[in-house]
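Chemist: Can you keep this structure in mind? I'll have questions shortly.
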Amino acid sequence: MKAVLVINAGSSSLKFALFPTEPELAGSPALSGQIEGIGATPQLSAKDAHGERYHEAVKASGSQNEQHRDALNHLFGWLSAHNPNLDIVAAGHRIVHGGELYSAPVQLNEFVLRDLDGFIPLAPLHQPHNLRAVRAVATLMPDVPQVGCFDTAFHRSQPALAQAYALPRAISAEGVKRYGFHGLSYDYVARKLPDVIGERSRGAVLIAHLGNGASMCALRDGKSVASTMGFTAVEGLMMGTRTGSLDPGVMLYLMEQKGMDVKALTNLLYKESGLLGVSGISQDMRTLLASNAREAREAVDLFCYRIAREIGSLAAAAGGLDALVFTGGIGEHAAPVREQVAKLSAWLGVTIDASANAAHATRIDAPDSRVAVAVIPTNEEGMIARYTVDLLAHAH
Ligand SMILES: Nc1ncnc2c1ncn2[C@@H]1O[C@H](COP(=O)(O)OP(=O)(O)O)[C@@H](O)[C@H]1O
Ligand SMILES: CC(=O)OP(=O)(O)O
Ligand SMILES: [Mg+2]
């Protein structure tokens, strides 16, 4: 089987998919899955096109970085053992940060990788793992062309104003500006919009990508005009373990009064806060929704409140609100979160239908809702496969 291998490497997980290139890239993978729990007890789970499921433990030890390497080696061994005729013709990767240099997918080589190494400090939870996966494929399969697809690229259509921070010009000129992330997800959902909301897809649309990382994007005519994430993937919404927007004065206070250094602050902002920090129980929305603890309730309430506040802000950036779309693990599956966000956004004309919402229907707006409300499952891997095939087709 000739296939494109798609890799989406996160801080503790490695998502993968194989998309057959023949007879046509139909958009559905022959095999997809992930290795989760890298750094603790990594487990591989996958399912094939026939619905068969696979689960196995992954042997990995040592530091997080060593475990990532072990996980990749395990994945390649597993893929070839399960697909004896597998012929990987290309690899497509999610690369979180493309900075100002990369505003479209690009074929990866050592020079491009060196540019991308420069963005590691801007996305410490993602970029090093993304690039490690590219280099591992290059070592194992040196002849396989590889394509990088950037989370930041979709947002390069934003007006300069939406990308600006109120910093001195010299610092802004160095590239300290708002980039925005989850662009592969927004691009995928934006392409689906006309089928789901018709003409309104040309108007003011807000997409809420609520996963482990969470952000929102305002679109006009299908193009990004503003987003909640900025220079790094920590700004904006409250997330699984990330703070989202925080008064910068809090950081100065913690440095001055508590003696916290860069490492401690990075841990605090990226790993110890968000749903996990506020609840003290879990970063997993499923666990929090199932819990009776007051702290779990407070974490979910704050998560929804922050989304509703940002909806107001993005509606201002988009000049209105014609449609609100939920996607990502939480957006697609957590009906109580959608309900709470909709209630807080009633003043903007958002009303949802309780039974459609409970059933995770594609359209969940009530008949009298002024704003269309939709649930569109995202497919970052499918988007990467499409970009990869398109780019390589044009390269030859
Ligand atoms: N059925 C569900 N109900 C509520 N939350 C869910 C459900 N399924 C997944 N989630 C939540 O989705 C989040 C993970 O989202 P996902 O988009 O898969 O994350 P990632 O950013 O790692 O790709 C977790 O908080 C998880 O609890
Ligand atoms: C950019 C980002 O936050 O990604 P993820 O949702 O995969 O953590
Ligand atoms: Mg994600």
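Heads up, the Cβ atoms here are built off N, Cα and C, so glycines get one too.
According to TrEMBL, the protein has these features:
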- ASP151: active site, proton donor/acceptor (ACT_SITE)
- ASN8, GLU380: Mg(2+) binding site (BINDING)
- LYS15, HIS209, LEU210, GLY211, ASN212, GLY213, ASP284, MET285, ARG286, GLY329, ILE330, GLY331, GLU332, HIS333: ATP binding site (BINDING)
- ARG94: substrate binding site (BINDING)
- HIS182: site 'Transition state stabilizer' (SITE)
- ARG242: site 'Transition state stabilizer' (SITE)
Chemist: Taking the recorded positions ASN8, LYS15, ASN212, ARG242, GLU332, GLU380, which residues show a Cβ-atom distance to ligand 2 below 6 Å?
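Modeler: So the answer is ASN212.
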Chemist: Once the chains shown are all counted, how many other Cβ atoms turn up within 10 Å of the Cβ of ARG286 (ATP binding site)?
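Modeler: A count of 12.
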Chemist: Under 8 Å between C-beta atoms and at least six apart in sequence, can you list the same-chain neighbours of ARG242 (site 'Transition state stabilizer'), or say none if there are none?
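Modeler: Non-local contacts for ARG242 (site 'Transition state stabilizer'): GLY213, ALA233, VAL234, LEU269, TYR270, LYS271, SER273, GLY274.
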Chemist: Using Cα coordinates, what distance in whole Å links HIS182 (site 'Transition state stabilizer') and GLU332 (ATP binding site)?
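Modeler: HIS182 (site 'Transition state stabilizer') to GLU332 (ATP binding site), Cα-Cα distance: 15 Å.
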Chemist: Run through LEU210, ASN212, ARG286, ILE330, GLU332 for me and report the binding-site residues whose CA is within 10 Å of the CA of GLU380 (Mg(2+) binding site), in sequence order.
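Modeler: Within 10 Å Cα-Cα: none.
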Chemist: From the recorded positions listed here (ARG242, ILE330, GLU380), select those whose CB sits under 6 A from an atom of ligand 1.
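Modeler: ILE330, in sequence order.
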Chemist: I need the CA-to-CA distance for ARG286 (ATP binding site) versus ASN8 (Mg(2+) binding site), whole Å please.
Modeler: 23
Chemist: Quick one: Cα separation, LYS15 (ATP binding site) versus ARG94 (substrate binding site), in Å?
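Modeler: Distance between the two Cα atoms comes out at 10 Å.
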Chemist: Rounding to the nearest whole angstrom, report the longest C-alpha distance spanning LYS15, HIS209, LEU210, GLY211, ASN212, GLY213, ASP284, MET285, ARG286, GLY329, ILE330, GLY331, GLU332, HIS333, listed for ATP.
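Modeler: Greatest Cα separation within the listed binding residues comes to 20 Å.
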Chemist: With the Cβ atom as the reference point and anything under 6 Å counting, tell me which of the binding-site residues (ASN8, LYS15, ILE330) are near ligand 3.
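Modeler: List returned for ligand 3: none.
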Chemist: Please name the residue among the recorded positions LYS15, ARG94, HIS182 whose C-beta has the most neighbouring C-beta atoms within 10 angstroms.
Modeler: HIS182
Chemist: Cα-Cα separation of ASN212 (ATP binding site) and ASN8 (Mg(2+) binding site), in Å?
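Modeler: For ASN212 (ATP binding site) versus ASN8 (Mg(2+) binding site), the Cα atoms are 14 Å apart.
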Chemist: I need the most crowded of these binding-site residues: LEU210, ILE330. Count other C-beta atoms within 10 angstroms of each C-beta and give me the top one.
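Modeler: Output for this query is LEU210.
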